[in-house]
């Protein structure tokens, strides 16, 4: 009988208490699982102190040690920040932080002359306060990450002023997008009738397509400087390669990522016949500010960037840049981008449909301290963030597995373009420049890595490199 007690007690709990406890327990279960994986990976960082044999050709022991210490620091940081955010989330739930913030928003909007019938106004005040809270509590972590960890390992290129200006700008831009979009979404849900979930889904689809379209032209330039890639050999080669696979390229940009960090990247964006390629200056050996000695009298520009010139060149040679782009264009040619959009939209539709089914359940609101009112925004938050969390975990794992498959396929595509050798050396260089650690625990890697581990990618390229 003693054994049955917990089960009986559970059954006697009112539905809202059961929902609340389940959400809390699941959140901690996920946290503990993540902590367990991180612990396994940290053990790898701690114990693998010599370059493994199969990496002998690829990595010198100095880079290997640098990368090991960098990843160890990052892992320790993510342990503490993860623990903090789990505790913070738990405290917010246990102390009724969400209903408290909702009431506060109600009082603020009432002061401005908007009574309780103006639910959308109250929702926007709530959102503003909630995002402000998370920006403020996240700031110390972000500062520590940038100015202690990234600084110590030579990646940070920002001054404190640049960082804070950036953070404020980011917050304002986010609000300018978030508040109008949310108010329209809530309005559509309110007036949409029985089929509101279809209209709500279509609205979010349109918004996401618009954002993808305008992001690189109007939003990203607020934070970074984009310059067209100068005429020359590299540009011609990129255009020739794009033409050879019918990629409708309209522009190639270089972004000054080096003002922020010395990590490197490349991507393409745009719809239909209007595609652009963006290369980080840190990816290009010839353009990286980090490879240049500051000229005399050039201090003005370097106020914001603490140029740390190293004797080792950073970035890739033109052939390697083309190989990296061959990989990126492979994602486009093989339809990975479209497949990802379709998957995310199917998922979004399913979520809105389930939201429509669940929104009428008063117990869901009661579980989080909303006994008298059922605000739509709170419903969205409870259902999408808490009730769907088990589903989100499974989905995210499946997408990680799929992403790894796509990466191998894109590598294989670059190989078909005859870029195997250059991609091989580019991957090694990028791993080196970004201090990636090439050894990982298999469960950690399976759960977290959206890109296959370096050795596996090199092996796949090597199999035909020798042919």
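Using the three backbone atoms N, Cα and C, a Cβ is placed for every residue, glycine included.
Note that TrEMBL annotation is computational and uncurated.
Marked as transmembrane segment by TrEMBL: 19-37 (among others). Beyond the ends of the transmembrane segment (19-37), by six or more residues, the same chain brings 13, 79, 82-83, 86, 89-90, 93-94, 363-364, 367-368, 386-387, 389-390, 393, 441, 443-444, 447-448 to within a C-beta distance below 8 angstroms of the stretch.
The feature domain 'CAAX prenyl protease 1 N-terminal' is assigned by TrEMBL to 41-225.
Under the heading transmembrane segment, TrEMBL lists 77-100 (among others).
Residues annotated as transmembrane segment in TrEMBL: 120-144 (among others).
The transmembrane segment feature in TrEMBL is assigned to 171-189 (among others).
If you look up TrEMBL, you'll see 195-216 (among others) marked as transmembrane segment.
The domain 'Peptidase M48' feature in TrEMBL is assigned to 228-464.
The feature region 'Disordered' is assigned by TrEMBL to 293-313.
Residue 407 (Zn(2+) binding site) has a Cβ environment of 21 other Cβ atoms inside 10 Å. Per TrEMBL, the feature Zn(2+) binding site maps to 327, 331, 407.
The feature active site is assigned by TrEMBL to 328. There are 19 other CB atoms within 10 A of the CB of residue 328 (active site), with all protein chains counted.
Annotation source TrEMBL lists transmembrane segment at 349-371 (among others).
Residues or ranges marked as transmembrane segment in TrEMBL: 377-402 (among others). Same-chain residues lying 6 or more positions outside the transmembrane segment (377-402) and placing a CB less than 8 Å from one of its CB atoms are 19, 23, 26-27, 30, 98, 102, 123, 126-127, 182, 186, 343, 347, 351, 354-355, 358-359, 364-365, 367-368, 370, 446-450.
The annotation active site, proton donor is assigned in TrEMBL to 411. Around residue 411 (active site, proton donor), the same-chain residues six or more apart in sequence whose CB sits under 8 Å from its CB are 327, 330, 423, 457, 460, 461, listed in sequence order.
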Listed in sequence order, the residues of the same chain lying six or more positions from residue 331 (Zn(2+) binding site) whose CB sits under 8 Å from its CB are 337, 406, 410
Under 8 Å Cβ-Cβ from the transmembrane segment (120-144), and at least six residues away from its ends along the same chain, one finds 77, 81, 84, 88, 101-102, 104-106, 108-109, 112, 114, 163, 167, 171, 174-175, 178-179, 182-183, 186-187, 190, 375-377
Long-range CB partners for the transmembrane segment (195-216) (under 8 A, at least six residues beyond its ends), listed in sequence order, are 177, 181, 184-185, 188-189, 226, 269-271, 276, 278, 345, 348-349, 352-353, 355-356
If you measure between the CA atoms of residue 407 (Zn(2+) binding site) and residue 328 (active site) and round to the nearest Å, you get 9
